[in-house]
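Per TrEMBL, the features are:
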type	residues	note
ACT_SITE	Ser156	active site, charge relay system
ACT_SITE	Asp233	active site, charge relay system
ACT_SITE	His267	active site, charge relay system
Amino acid sequence: MVSRYIAMALTQVSSNKCCNGYQKVFEHDSSELKCKMKFAIYLPPKAESSKCPVLYWLSGLTCTEQNFITKAGSQQAASEHGIIVVAPDTSPRGCNIEGEDESWDFGTGAGFYVNATQEPWKTNYRMYSYVTEELPRLINSNFPADPEKMSISGHSMGGHGALICALKNPGKYKSVSAFAPICNPIQCAWGQKAFSGYLGPDKSTWELYDATVLAESYSGPELDILIDQGRDDQFLSSSQLLPDNLIAACSKKKIPVVFRLQQGYDHSYYFIFSFINDHIKHHAKYLNA
């Protein structure tokens, strides 16, 4: 029992009062990723007296748990709607895998929210299981979280992560949203690089982590998807994001998607900051129902 307790132990790294709640960062030993991991958690004032629903936020390439909590301005709306917001890191860290720090779009900071099957990545690079299983277990057992009420959102690589987590687990998340998600990774350079490295040459295994492919075969409770995309996003014009493919798949399956092309906005956190309140309101509608 002792070793299990240690595995679940959390170390508080920081705590700052914010919007009458607390923005905290914790570190723990991850059983899935076999390394120390940090995650950020915002506890709204409501969490002091009752259980709250949880919104999971998945960040994009090169990010840590810090980017979202310092740049997105999510705390105000989370405080008002009584939602706990959890933002994990984007990959395992410091695993001493050869090549892990060689490029910004693969390895460290670029876990792509998959469970790797290839050497030398498969032992540590299990972000899909970390985000969908280990982290919610940890949050539900250590914080005043309502385990029945979870939603998920993210940006870019994390938007891809949010979409696949929701589509692969019908009913697990009450709602899903994304900012500039990588919608069809098997068809874009980022996805092809990551998937061939983590999942190997058999492209049928790639389809298990592609939102467009997953939408084509989705059957489950109605999932309400909100996507914001900046019109002046350089990665939209360079065909890394491919939202049209996902929208086509969703309309074929009658999955409701609100897709908003935002004039003049780019791929940055200035864009996320501008529309984060709409996203939290979208999730609150389902989480507080």
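Cβ atoms here come from the backbone N, Cα and C positions, even for glycine.
Cα separation, Ser156 (active site, charge relay system) to His267 (active site, charge relay system), rounded: 8 Å. Asp233 (active site, charge relay system) and His267 (active site, charge relay system) are 5 Å apart (CA-CA, integer value). Sequence-distant neighbours of Asp233 (active site, charge relay system): residues of the same chain at least 6 apart with a C-beta under 8 Å from its C-beta are Ala180, Leu241, Tyr265, Asp266, His267, Phe271.
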